[in-house]
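These features come from TrEMBL:
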- 1-50: region 'Disordered' (REGION)
- 28-44: compositional bias 'Pro residues' (COMPBIAS)
- 89-124: domain 'EF-hand' (DOMAIN)
- 125-160: domain 'EF-hand' (DOMAIN)
- 201-230: coiled coil (COILED)
Amino acid sequence: MASEELASKLQRRLQWEEGDRGLQPAPGAAPDPEPQPQSQPPAWAPTARADAELSAQLNRRLDINEGAARPRRCKVFHPYSEFPEFSRRLIKDLESMFKLYDAGRDGFIDLMELKLMMEKLGAPQTHLGLKSMIKEVDEDFDGKLSFREFLLIFHKAAVGELQEDSGLMALAKLSEIDVALEGVKGAKDFFEAKVQALSCASRFEAELKAEQDERKREEEKRKVRQAAFQELKAAFSA
């Protein structure tokens with residue numbers, strides 16, 4: 001529907017523009033006087049720009065419908081807010097795993113990197129199998145996995161949206177990360193899901209506080225080591 005509406009708008013605007021610019025003087029009429037130099041662009045220039053924008057929107061919509069749309073970079077991805085069902089520790093573990101196989105260090109896992117990952121996990125896939133794995137979670141049609149799309153694999157595994165014999169399910173099972181315990185598999189019932197959603201904020205705060213306490217303990221240990229070193233250094237200097 002959106003494609004048809006854009007096409008209709010574009011066609012009407014082009015007809016209107018051609019009608020305004022296609023007026024010819026009647027036979028026998030006096031010729032128009034010489035046009036005076038204009039300091040401003042012609043009146044139809046904004047219309048031409050609008051036509052170009054409509055045409056670009058129409059082409060974009062057609063590309064999306066055909067699955068050939070070029071990816072657009074959207075808002076900044078916040079894994080903790082977009083996947084609140086996962087604990088901070090689980091997301092950090094998955095991020096470490098993602099970076100381990102992101103050999104190009106470009107923030108994506110491409111087809112060859114996914115091939116190496118599946119071989120390392122002991123579940124090698126065919127070329128078509130690898131493409132099918134990426135396609136199942138490839139939201140921006142760029143042919144590779146972003147970290148968000150990588151997390152989406154484990155989300156789908158946790159809620160039972162992956163086929164048991166699929167390559168993505170093999171990846172989730174062989175990753176040595178128990179997503180079922182950390183994720184939302186036990187919250188299929190509506191009321192259980194509501195309870196879990198209400199507890200996410202408090203759990204997030206507790207995990208954040210635990211990390212802060214851990215950093216404080218490490219800082220205190222570092223200060224103790226420095227003090228001991230200074231005492232030892234002073235003893236030798238004396």
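Each residue, glycine too, has its Cβ placed from N, Cα and C.
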Restricted to the domain 'EF-hand' (89-124), the mean pLDDT of the model is 94
Long-range Cβ contacts under 8 Å made by the domain 'EF-hand' (89-124), restricted to residues 6 or more beyond its ends, are 79-80, 83, 130-131, 133-134, 142-147, 150-151, 154, 167, 170-171, 174-175, 177, 179, 182-183, 207
If one takes Cβ-Cβ under 8 Å and requires six or more residues beyond its ends, the residues near the coiled coil (201-230) are 80, 84, 87-89
Secondary structure of the domain 'EF-hand' (89-124) by DSSP, residue by residue, totals 23 helix, 1 strand, 12 coil
Reduced to three DSSP states, the domain 'EF-hand' (125-160) has 23 helix, 1 strand, 12 coil
